[in-house]
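The structure appears below as C-alpha cells.
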Amino acid sequence: MPGPWGTVYFLGTAQICSFLSSRWNLEGVMNQTDASRPLNWTIRKLCHAAFLPSVRLLKAQKSWIERAFYKRECVHIIPSTKDPHRCCCGRLIGQHVGLTPSISVLQNEKNESRLSRNDIQSEKWSISKHTQLSPTDAFGTIEFQGGGHSNKAMYVRVSFDTKPDLLLHLMTKEWQLELPKLLISVHGGLQNFELQPKLKQVFGKGLIKAAMTTGAWIFTGGVNTGVIRHVGDALKDHASKSRGKICTIGIAPWGIVENQEDLIGRDVVRPYQTMSNPMSKLTVLNSMHSHFILADNGTTGKYGAEVKLRRQLEKHISLQKINTRCLPFFSLDSRLFYSFWGSCQLDPIGIGQGVPVVALIVEGGPNVISIVLEYLRDTPPVPVVVCDGSGRASDILAFGHKYSEEGGLINESLRDQLLVTIQKTFTYTRTQAQHLFIILMECMKKKELITVFRMGSEGHQDIDLAILTALLKGANASAPDQLSLALAWNRVDIARSQIFIYGQQWPVGSLEQAMLDALVLDRVDFVKLLIENGVSMHRFLTISRLEELYNTRHGPSNTLYHLVRDVKKGNLPPDYRISLIDIGLVIEYLMGGAYRCNYTRKRFRTLYHNLFGPKRPKALKLLGMEDDIPLRRGRKTTKKREEEVDIDLDDPEINHFPFPFHELMVWAVLMKRQKMALFFWQHGEEAMAKALVACKLCKAMAHEASENDMVDDISQELNHNSRDFGQLAVELLDQSYKQDEQLAMKLLTYELKNWSNATCLQLAVAAKHRDFIAHTCSQMLLTDMWMGRLRMRKNSGLKVILGILLPPSILSLEFKNKDDMPYMTQAQEIHLQEKEPEEPEKPTKEKDEEDMELTAMLGRSNGESSRKKDEEEVQSRHRLIPVGRKIYEFYNAPIVKFWFYTLAYIGYLMLFNYIVLVKMERWPSTQEWIVISYIFTLGIEKMREILMSEPGKLLQKVKVWLQEYWNVTDLIAILLFSVGMILRLQDQPFRSDGRVIYCVNIIYWYIRLLDIFGVNKYLGPYVMMIGKMMIDMMYFVIIMLVVLMSFGVARQAILFPNEEPSWKLAKNIFYMPYWMIYGEVFADQIDPPCGQNETREDGKTIQLPPCKTGAWIVPAIMACYLLVANILLVNLLIAVFNNTFFEVKSISNQVWKFQRYQLIMTFHERPVLPPPLIIFSHMTMIFQHVCCRWRKHESDQDERDYGLKLFITDDELKKVHDFEEQCIEEYFREKDDRFNSSNDERIRVTSERVENMSMRLEEVNEREHSMKASLQTVDIRLAQLEDLIGRMATALERLTGLERAESNKIRSRTSSDCTDAAYIVRQSSFNSQEGNTFKLQESIDPAGEETISPTSPTLMPRMRSHSFYSVNVKDKGGIEKLESIFKERSLSLHRATSSHSVAKEPKAPAAPANTLAIVPDSRRPSSCIDIYVSAMDELHCDIEPLDNSMNILGLGEPSFSALAPSTTPSSSAYATLAPTDRPPSRSIDFEDLTSMDTRSFSSDYTHLPECQNPWDTDPPTYHTIERSKSSRYLATTPFLLEEAPIVKSHSFMFSPSRSYYANFGVPVKTAEYTSITDCIDTRCVNAPQAIADRATFPGGLGDKVEDLSCCHPEREAELSHPSSDSEENEARGQRAANPISSQEAENADRTLSNNITVPKIERANSYSAEEPNVPYAHTRKSFSISDKLDRQRNTASLRNPFQRSKSSKPEGRGDSLSMRRLSRTSAFHSFESKHN
C-alpha cells in the first residue's frame, strides 16, 4: 500500500498494536495464565500479519544514525578483585541484564567447565572480547533543566572506535554545522579547581572572542568538572552574544555520564537534570555545550574511552579544506579568458591546507603533559597554547618553556628544582617524577610550537591573540597562506603584527587575490591593511573582477537581484549572471532623471561586446544596442558609429577603471555593505559627489523595497544608510566652506565627468537632499546665480522692475566682473564658443546614438551671457563693462527674467478676466487674440523644455518633465484652454460651451500664482503647507465619503422609495448630506408633517402627504451622521492639518530653500522674452543652431549637455581635488577630536585606565610578595650559613682542646633576626658552668591578645617558656634566692627593685631583694638590649615581699625561710668548700613542687581562683645544661657577688608539645618559645660603673616600670609579622599520679633549700646540637623584612632606647601578656641540674 494511504495505514495499525500490547502485555506472555494465552497469541498473530509490510518499510527507512553508529555493552561478567559485586567493566553484576555470569556458569554447569574460581578472576577483562556492538539507542536532543531557560544540545552515543568520517558527516549533514575555520581543543584538569578571578575573566573573554571571530569549533571533555566547567562559565557569560554562533562540542565517555538512562531513546527530546549526586562517582554534562558525542567502550565510571575517538576526529577535521567557493579563473588576456561562462574552476580561498587545530592547556594533571607531547609529535604537529598561572601541569610546562634551552636542555640546578616541583605537585616518587621530567623535556625539544600565555605580558594581552599566533607559528605556511588564514579568521591584528612584517616576500598577484577575497568576505579592515601595504586598486580592479564581485553570494543579503529583474522586466533564471550592463541600467533606474551611467554608454558597451561578445550569444541584447535606439532611421548611423570607435584591445589599461574607488563604492552600496561603502568613500577623488550618489541610491533602494512589500527592516536599514551618506556630504561641504568659500562653491558647480557630467548641486537635488541645498554655501551660490552679474543687495525687486519699465535706468545699475565670479556656472555650448578662438576643436564627449535630429534643429537659447576670456584685461579686475554687455547681462539675469515673466503673466490674467467678464462676440477681440497667443507660445515653450531636457530618449524626456507638479497642471490647463478656444470659434451653442470652459480654465491660472509666491521667503513655506494639507485632505475625503454615502443612501431610500432610475439619484444621495457637513441641516425637511389633514387657525384644512414607512428613522440616523461628520471627522481633519502645519513649520526654511533652487534653475534656462514675445527668442535659437551646425561636423558632439556647470581645466580640477582631500582629512581629524572629547569616550578611557592601573597595582603587589619571598629565602640561607659556621667553630674547638676561657674572648652579637631555627634553639636559655636552668611554660589562650604572641603556622598548639637561673644569694636569714628572668609583653624584662631603692622611698611597699635592672651601656654598642641581673649579699629581714611580686618556689613563705638557713651554707662557706664536700644537687621533680605557692606577676590580676587549676599547660621542662663547645663568650672566674652578670635578649621560637599531667589527668596542648639568649660577665665591661646607682636605672623602684618592647625594632617586627617555627616535644620526666601531702611538700621544700647550688654564670649559650633533649628545629619563615628595616630606622634616632614609642600600644591595655597569662593560666616551677 504505497503512498500517503500506506503511511496512514501503518500509523493506524501501529496505534492499535501499541494499545493491545499495553492492554494484554504481549511481551510478557510467559507470565500470563494459561487461560489468557490463546487470546494473546491470537492478537499477536493478527498484529504480525497486519504489520509485516509496515515493519519491513520501517526497517528500510531506518535512520542513518542507527545504521552508522553503534554502542558497546559488556556481555561477559568478570568480577573485580577489588569489589566482587562489580564486573571489571564497572557495573554491578546485577546490572548485566540477560547475561549469564562466568561464575554462575561454573556453579551451575560444572560439567561444561572445570575451571576454578581463581582462573576466572585471573582472566583479564578486555573491550574486544567481553563487549558486544549493537545499534545505538541514544541520540536526539537534550533539554537541560534547572536554569532560567532550558538550553538544548544535540547528542549521540557512539562506539569508541567509530570512524571519524562518519562523525564529521553527522555534524555537517545531520546537525547542519558549517565546517569550522579553526578547531580549538581544550585540555586540562578533570578535578574542580579555582582560577584567579582576573585570569578566569581573561580566559573566558579570549576564548569566546577567538571562537566568534574565526568561526571555530571548541572541543572539550563535555562534563561539568575541571576546566570544562570554566569553559561553560565563559559560554554562559556570553550566552546572549554567542547563542547560535559558537559551536562547542563535548566528547565525553558514556560510562561516566550521570543519569545515563534519561538519554536512552532514538531521535528523542530528553530533559536532563544538571544537579550532580555528591555520593556518585559519575558526573553530569555541561549545559552550555551545543553538541555532545558520547564515546562508549562498555565500561562504567572510567575515563579514557573518548581519548582515541577525540584525537582521530581532530585529525580528520584537520584534513578538510576550508573556504572553498566557485571562483572564475581570470587570465590577463581578457579576449581568451571568458571560459567561466561555460564552466567554473574551483579556487579555494585561503590556505591549501585543512582546518587548523590548536590545543589549549589549562591546569591539568600529568597525563596532560603526555597529551601535549602527542600533539607535538603528530604529523603535522599541532601547536599548543599553555595558560600560565592556572596551576599544576600548565605551570610546569610554562616553567620548562621559559628556562629550557634549544634541544630540550635545562640547567642542572633548575632541573633539581623542577623535579622537586613535580614531586610536590603530583605527589610523585622520585622515579615517577624523573619519568615525567623526561616527557617534559621531550616536549621542550619542540618548544617553538608551544606558546605560553601569561596574563599581563606585553606580547600576549589576550588569550585569543596567543591562540592565533601559535597557529601561525605552527602552520609553517607561506605568507599568502598565512594571510588567507588570518582573513578567514577575520583577525586583522594578527595579519598586521605577525604577517606584514619587514622582509616578508610576497609572490606576484598574491596580494591582489587576497584583496578579492577580502572584498567578497566583506573584510573592511583587511582591505585597508592591503591598501596600506601597497595593493594598487587601479591595477587590481578589472571588468572581470568587478563583475565577479557583483555576482558573489557571500556577504549580507541585498536587493540587487530584484532590481535587475525589475529593470529587465521579466523573470531571471536562478543561475543568471549579472553583467555590468545590467548594473548600469539599475543605476540609471535608481538615480532617475537624466542620469547616465558609464556602463551604458556606447564606448563601454562596445568594449564589453568586443571582450565578451563572441563567447556570449546574447551579448548584443545585453548591450542594449537595439533597445536603446529611439528612432528607426538612426540605427544605420549608430552601427556605423560603433565601427568607428577606436578601441585598442592590446592596451593593458583598457580593462581597468580610471577611478576604481568610484566603482567599488557603488558596488558596496548596491550590495548593501555599508561599512565597505564608507571606507571607499574616504578614498579617491570627488568624495562629495560620491556621498550624494550613495545617498540617492540608498534612498531609491529603500523606496523600491517598500514598494515590493519586503520586510520593513530592509527599507529602514537602507534609509538609515542614506541618511549617513547625506550627513557626510553636508559635513564635508561645511568643512570646505570654512576653509575656502570660493573653492567650496567650485566643488558645487564643476562638471563631474564620472557622474553623468552632472554637478554636486544637481546630484543633491536628484537625491532631494534639503539640508545640502539649504547650506549657507549652496544658498550663497544660488543667490549669485539668481542675481546674475547684477550687484544688488537691497530693494532688488524694485530696481529690476524699474529697469524693465524704464530701460535707461539699466545703465545706473552695478555689475560684477567675471573675476568676481570664478565659480559661476555656464552652459556647455557657451563654454565651447569661448574656447573656439583660443584652441583647436577637441571633442569633449563621446557621441551617442540617442542624439535626436529634432533637438539639434531646435538648439537652445543662450541661458547666460557669453563671457569671453580677455587675456589683456585679466589684471584689471574692476574694469568698466560696455553698455551693450550691461543690457545683455541685465536681461539674462534670472531675477530679471522672473519679474519680466511675472509682469507678463499678470497682464495675461487681466486680459483673461476681461474676456470672461464681458460679452463674448462672434469673433475674438484683440484682447482675446493676445490671450490665445500667450497660451500658444507657452505651449511651444513647454515643448522646448521637454526636447532640451538632459535625458537622451524622448520617452525618458517626457517622463522626467512630467515628474514636476506644475508641468502636469500646465499641460492640463493648456489642453483645456485649447478645447475651449476651438468651441468658442464655433457657432452656437458650442460658443457658449467654449466660454464656460474659459471661465473654468481661469481658475487654474489664478492658482498658478502660488508658484510665483514660492520665491518669497515668507510665502513659500505656506504654499508648501497647502500642498501637504491637500494630500492629507484627500485621505480624509475618502473616510468622509464612506460616512456620507452611508447616510445619504439610507435617507434617499427611506424618503423616496418610488424613484425611477435616473442620474439624479446620485446627486440626491450626496447633495443634502454634503451641505450638512458645513452646517446647513435643512431643518424644515428633518421631520416634515405627514399623515392626517391639518386644520389651520383660520379654519382651512391642509391636506398632508401620507407618511412614509420608516420616516421616523431618518432624524435618528441624521443625528448620528451629524455627530460623526460635523464633530468627529471635521475635528480630526483639523488635528491632521495642525500636525502638518507644525511638521512643515519645523522644516519650512529648508523646504523653501530647496524650492528656491528649482525656481532659479527654471528661470535660468528660460529665454529672455516672456510669452507671447517668446516666439522671437525661439526663432533666434533656431537660427543660432542652424549656423552652428554648418560650422561643426556632425560627429564632433554626440551628446548635448544643457545643464549649468563650471568648466575648468585639468590643472584647476587637480587643485579642486587636492582641496577636497585636504578637507576630508581635516574633517576626520576634527571628528576624531570630537569623539575623543565626548563624555562617553572620556568615561570609557578613564575606566580602561583605572582598570589598567588596578592591574598594574596587582602586578606590583605580586612582585612585592615575590621579593619578600626571595628575601626570606636569603634570610634562611644566611641563617643556615651561620649555623654551619657555628658548628664548624665548635668542631674546631673540640679538635684543638682549647679552654673556653681562653678562646671565648669576644662576645657574640648575634642579631635577633636570625631565622635559622636550630640556631635559635641553641640560643634559647641560660647556661652556666655549674648552674641550673628553669623554664616556665605558658599556654596560649586563643582568646587573648593576638599581637603579643606570634602565630604558629602549624596546627600544633603553642606554649611560652621563661628561662630562670639561680644565684647563691644570702639574706640575713641565710635564704638562697632564685633569680628569675621573665618576659613582660614583648621581651621587656622587669623585676622588683633593689633593697637600696626601697630604702630611698620608705612609703613604697617592700620589694624582693633580687633585682633585675636594664641599663644601656654606651661603651659597648649593641643593636639589642643589655640586661643586668644583680644579686645582693644581704637581704634585710624587715622587708616583706610584695603581694604582687613573684616569689619563685615560695621563697616568701615562712616555712621556706625557716628551712633555708639550716640547710644552705653561706656564700663564704660555700666558696671554701671543696667540690667533694659540697651538698649534692639533685633534680627537683614535679611532685616536689605542686604544693608551692605560686603568685601573680602582675598587679592587674589577683591570685588565681581556687577552682582553677594552676597548671593548664605541660609541667616546666627540665633541661641539663652542659658546657658549651662554642668559643664566642668569655668564661668567668668563680662566683663573685659584687659583680652582676649581663644578660642579652634575642628572640623566641615555637616547638610543638603534647603531654598529660598525672595530677589532673587532662591533656594539655602547648607550644614553647624561649626568650633569653645571651649572658656575659660584667667584668669585661667595667662592672663598677654598670651598677653604680640602682635608683637611676630604669628598673629602679623610683622609676615606672618600663616596657621595652616599643624600642626593640627586631622584636616588634617579629610580633607584627608572626614567624612560623615548629619543634618536636622534648622527652618528659616521669610524673607522679597522685598529689603529695602538705608534709611531703614541706620536706621537699627543706630538701630543695639544702640542694640549691651557687651557680657560676659563665655565659648564656644554646643547647648543644648533640644533646638528646634539643628539639628538632624547622626552618622559620619571616613574613616581612621591610617592616623590620623600617622599624630599625625609626628606632635609631631615639636617644633612650628604653622609652616607650608613640606608636606602641595604649597603656590602657594593662600589663604585659606574660604577666596576665601567668596570672590566669600558668605557674612557675623550677628544676635543678648540675653540670658534670
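Numbers run from 1 along the shown chain.
Just so it is clear, glycine is given a Cβ too, placed from its N, Cα and C backbone atoms.
What Swiss-Prot records for this protein:
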- 831-847: compositional bias 'Basic and acidic residues' (COMPBIAS)
- 1635-1653: compositional bias 'Polar residues' (COMPBIAS)
- 1690-1701: compositional bias 'Polar residues' (COMPBIAS)
- 1074-1101: intramembrane segment (INTRAMEM)
- 192-215: region 'Calmodulin-binding' (REGION)
- 300-323: region 'Calmodulin-binding' (REGION)
- 601-624: region 'Calmodulin-binding' (REGION)
- 793-816: region 'Calmodulin-binding' (REGION)
- 829-851: region 'Disordered' (REGION)
- 1610-1732: region 'Disordered' (REGION)
- 1-894: topological domain 'Cytoplasmic' (TOPO_DOM)
- 919-925: topological domain 'Extracellular' (TOPO_DOM)
- 949-964: topological domain 'Cytoplasmic' (TOPO_DOM)
- 986-989: topological domain 'Extracellular' (TOPO_DOM)
- 1014-1028: topological domain 'Cytoplasmic' (TOPO_DOM)
- 1057-1073: topological domain 'Extracellular' (TOPO_DOM)
- 1102-1111: topological domain 'Extracellular' (TOPO_DOM)
- 1138-1732: topological domain 'Cytoplasmic' (TOPO_DOM)
- 895-918: transmembrane segment (TRANSMEM)
- 926-948: transmembrane segment (TRANSMEM)
- 965-985: transmembrane segment (TRANSMEM)
- 990-1013: transmembrane segment (TRANSMEM)
- 1029-1056: transmembrane segment (TRANSMEM)
- 1112-1137: transmembrane segment (TRANSMEM)
DSSP-derived helix, strand and coil totals, residue by residue, for the topological domain 'Extracellular' (919-925): 0 helix, 0 strand, 7 coil
The transmembrane segment (895-918) and the transmembrane segment (1112-1137) contact flag, 3+ Cβ pairs under 8 angstroms: no
Same-chain residues near the transmembrane segment (1112-1137), Cβ under 8 Å, at least 6 residues beyond its ends: 1029, 1032-1033, 1036, 1039-1040, 1043-1044, 1046-1047, 1050-1051, 1054-1055, 1073, 1076-1077, 1079, 1081, 1086-1087
Positions whose Cβ lies under 8 angstroms from the region 'Calmodulin-binding' (793-816), at least six residues beyond its ends: 787, 881, 883, 886-887, 889-890, 893, 895-896, 899-900, 903
Remote residues contacting the topological domain 'Extracellular' (1057-1073) - C-beta distance under 8 A, at least 6 residues beyond either end: 1044-1045, 1047-1049, 1051, 1082, 1085, 1108-1109, 1121, 1125
Local confidence of the topological domain 'Extracellular' (1057-1073) - pLDDT mean: 86
Intrachain residues whose Cβ lies under 8 Å of the topological domain 'Cytoplasmic' (1014-1028), provided they are six or more past its termini: 898, 965, 1140-1141, 1143-1145, 1148-1149, 1151-1152, 1155-1156, 1159
Folded-back contacts onto the topological domain 'Extracellular' (919-925), same chain, C-beta under 8 angstroms, at least six residues removed: 932, 984-985, 991, 995
Intrachain residues whose Cβ lies under 8 Å of the topological domain 'Extracellular' (1102-1111), provided they are six or more past its termini: 1054-1055, 1057, 1087, 1089-1096
